[in-house]
Amino acid sequence: MSHVTLRSGSVMPLLGIGTWRVSEVQDVNNLIKNALEIGYRHIDCAAIYKNEKLIGSALKKSSEDLNIDRKDLFITSKLWCTNFKKEHVRGACENTLKQLQLDYLDLYLIHWPVAFEHTGYDLEPGLPRDENNKIKFAKVTLQETWQAMEELVDSGLVKNIGVSNYSLPLLLDMMNYARIKPSVNQIEIHPYLNQNDLVKTLQEFDIHCTAYRPMAYGDASGAKLIEDPVIVELSNKYNCKPAQIVLSWNVSRGVSAVPKSLSRGHLEENFNSYKLQLTKEDVDKINTLNKNKRFTDPMKNWALPMFD
């Protein structure tokens, strides 16, 4: 399986490319060019990454050079937390579209379920603080934000809407007020944080899960998922790279993934991961690696215990 059909009928490639912390012009140009040449059509962006203008220029040039139609691309971006008020949501989306040089987004996500005070569409700062260094929160409900997201669909600026980093209680609450149900919840998923129960439950509600940080990079101890004995054992069994085992594990569970790599070789390996057919026994073996270990934790960066 290489694609998933969202509740709207839109078709989303299961393997995409992440763009977090890709900020050098040449890196962005090479990433987009290499990815499109290899066959990627799913590109995951976000306003807070502050590289959408570079991505837009690279995407326009490479698409034209390779004769790729817009309708064949699946472009995701995310609404940052400082633009959650109704009067700011559309402006933030339009700013992203301008930066990316697009007429519409295939998917627009609420990046985190917490609202900060508005700081402008350039997101400076992205995390507003007062004179005592305390975060300045905005007085706005997630329901108001979602209703503004729905209006983006109504206006044709966005094909699908969804969320990121949402817990099950937040999603169950949303289902009570959402006129347009969320298509996707993008969350941290990897074998050390497999999120099996949440994935299965959301699939029952027809909410697709996308894995960010699927390789679990970022362990301060230096330990790497791709060096885990179980992952290495399976890579030898299937005669492939460890990273391909990890991505195939996600795809086998119907979960899409947006890994980041600036290496063309790694991009090619990642792209071919969906061709692997892991047995149920091997998927289960990978599931035993779960440690409920997060590498993206707002408590560390913002002192907000959002996952406790």
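Cβ coordinates are placed from backbone N, Cα and C, and glycine is handled just like the others.
Automated prediction, rather than curation, is the source of TrEMBL annotations.
Annotation comment: TrEMBL describes Tyr49 as active site, proton donor. When Cβ atoms from all protein chains are considered, those within 10 Å of Tyr49 (active site, proton donor) total 20, not counting its own.
The feature substrate binding site is assigned by TrEMBL to His111.
Sequence annotations record features per position, and here TrEMBL assigns domain 'NADP-dependent oxidoreductase' to 15-290. Model confidence over the domain 'NADP-dependent oxidoreductase' (15-290) is summarised by a mean pLDDT of 96.
Counting every protein chain shown, the Cβ of Lys78 (site 'Lowers pKa of active site Tyr') has 25 other Cβ atoms within 10 Å. Residues or ranges marked as site 'Lowers pKa of active site Tyr' by TrEMBL: Lys78.
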Between Tyr49 (active site, proton donor) and His111 (substrate binding site), what C-alpha distance do you get in Å?
11
Between His111 (substrate binding site) and Lys78 (site 'Lowers pKa of active site Tyr'), how many Å separate their Cα atoms?
5
